[in-house]
Amino acid sequence: MLTSSKRNLSIAEAILLGFQHYLVMLGTTVLIPTALVPQMGGGNEEKAKVIQTLLLVAGLNTLLQTLFGTRLPAVIGGSFAFVPTTISIILAGRFTDTADPIERFKKIMRAIQGSLIIASTLQIVLGFSGLWRNVTRFLSPLSSVPLVALVGFGLYKLGFPGVAKCVEIGLPELVILVFISQYMQHVLRSRRHCINRFAVIFAVAIGWVYAHLLTVGGAYKSTPPQTQASCRTDRAGLIDATPWIRVPYPFQWGEPSFDEGEAFAMMMASFVALVESSGAFIAAYRYGSATPLPHSVLSRGVGWQGVGILLSGLFGTVNGSSVSLENVGLLALTRVASRRVVQISAAFMIFFSVFGKFGAFFASIPQPILAALYCLFFAYVGAGGLSFLQFCNLNSFRTKFILGFSFFSGLSVPHYFNEYTAKHGYGPVHTGARWVNDMVNVPLSSVPFVAGCVAFFLDNTLHNKDGRIRKDRGEHWWDNFKYFEDDARSEEFYSLPFNLNKCYPSM
């Protein structure tokens, strides 16, 4: 079991830490369906069912990843990389002639399911065939810096802008979280481990009670509807719409429909998620106190992530799957990286997906409170990427050029694409074929994808054969971990359970 703590966790501690991971992943789980389901024609009842389904699939995928994938303590949840392509399917003209909004919702859902099912084959093939292993062997600490750093920093729009939607709740929550996690341990030294590990539970509980007091006190009675939706604790519409017990099942929305153009576009979104998740896995091993991730293990994790996208398509989650970055940041905050804890969190996901009323209660936490958590967690992930600079020669002008140009490109290019799309309603590439547009606009709108690809290309084409350059890019630090058998500790961290390594050896 991976753990960065110096003593074994008690069962009570493991359960509380698992519940904390569940709370943290709820933000994305609620945010994505809340944004997409109304556009599809669904109401609160459909939104609640989608959230339940997404929770169940996230729990199953997390168990699969921690048992048979990378085996890192990584939560697998919804991914923002699939959202632009999903919106493109929602806006497809063939659904506009359906008058009944619920029927329109189901038709769009079935189209999204078909696209996800086909798109899952990309990661399954690249992962299990070992092709992604061959690609990542050219990855160095230098080219990992922009990828991992901007996987975290690139989500800045989900941080303080989300806090500012209800600043009287979000800002105090942010201050409370920083105080409890960073300062209180110096005040209460005897309880520092407890404070560090459960800072999120303390901060969310305080912020939630404060938000509820403002709600029942009538602070938002005369405010605009948008403010009430962000601030009030009784506006999510989930508790009333969610049944007490419901088990999501495959093809619950009907038989999936398939469109080749949408499938190709979703495949590109899947490739973007693959690149971003590779950066997230690297950050997870960094905060998990594990040895550098062998390329074969990373490829194996990508394959199982493809299986996760397949499950998303079969069950109908309106979204694909990737590594939950906020939970990677939580590893850094708690300083505890345990498979058992993450597997307990997966059990919470599955439990609350079936017993919906209980899950809806926690899912009604105001989004500004969760956005305050993102400010810390995404910052931790980004800092994890910057920590690889210690392996690079920062006095080298080659290193400075690769870092500077990749960071600048990763911020500038997606900014142009996103700003153009927001202004015109479509991306800079605007042809008659919608799927062609998505295959170009979606990847170039991803900050970590652009930065990672630029850094990867430059690092492997600019005089990389020189022995001195190998040291500049930090490659010699990873030489002992390129192959599974190179370091004895790899078996401790990454070997498969039940002696499966004998049947499926890592290479």
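Glycine is treated like the rest: Cβ placed from N, Cα and C.
Any TrEMBL annotation is an automated prediction that lacks curation.
These features come from TrEMBL:
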- 20-38: transmembrane segment (TRANSMEM)
- 50-68: transmembrane segment (TRANSMEM)
- 74-93: transmembrane segment (TRANSMEM)
- 114-132: transmembrane segment (TRANSMEM)
- 198-220: transmembrane segment (TRANSMEM)
- 263-285: transmembrane segment (TRANSMEM)
- 341-363: transmembrane segment (TRANSMEM)
- 369-389: transmembrane segment (TRANSMEM)
- 401-417: transmembrane segment (TRANSMEM)
- 442-462: transmembrane segment (TRANSMEM)
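Most Cβ pairs under 8 Å with the transmembrane segment (198-220) belong to 20-38, among the candidate stretches 20-38, 50-68, 442-462.
The stretch in closest packing with the transmembrane segment (341-363), judged by the count of Cβ pairs under 8 Å and taken from 20-38, 50-68, 74-93, 114-132, 401-417, is 50-68. Packing against the transmembrane segment (50-68) from elsewhere in the chain are residues 25, 29-30, 32-33, 37, 42, 74-78, 238, 242, 246, 248, 252, 300-301, 304-305, 307-308, 311-312, 315-319, 321, 324, 339, 342-343, 345-350, 352-354, 356, 359-360, 363, 496-497, 500: each is 6 or more residues past its ends and has a CB under 8 Å from a CB in it. Tertiary neighbourhood of the transmembrane segment (114-132): same-chain residues 82, 85, 89, 256-259, 262-263, 265-267, 269-271, 273-274, 278, 296, 298-310, 312-314, 320, 507, selected by CB-CB distance under 8 Å and a gap of 6+ residues from either end.
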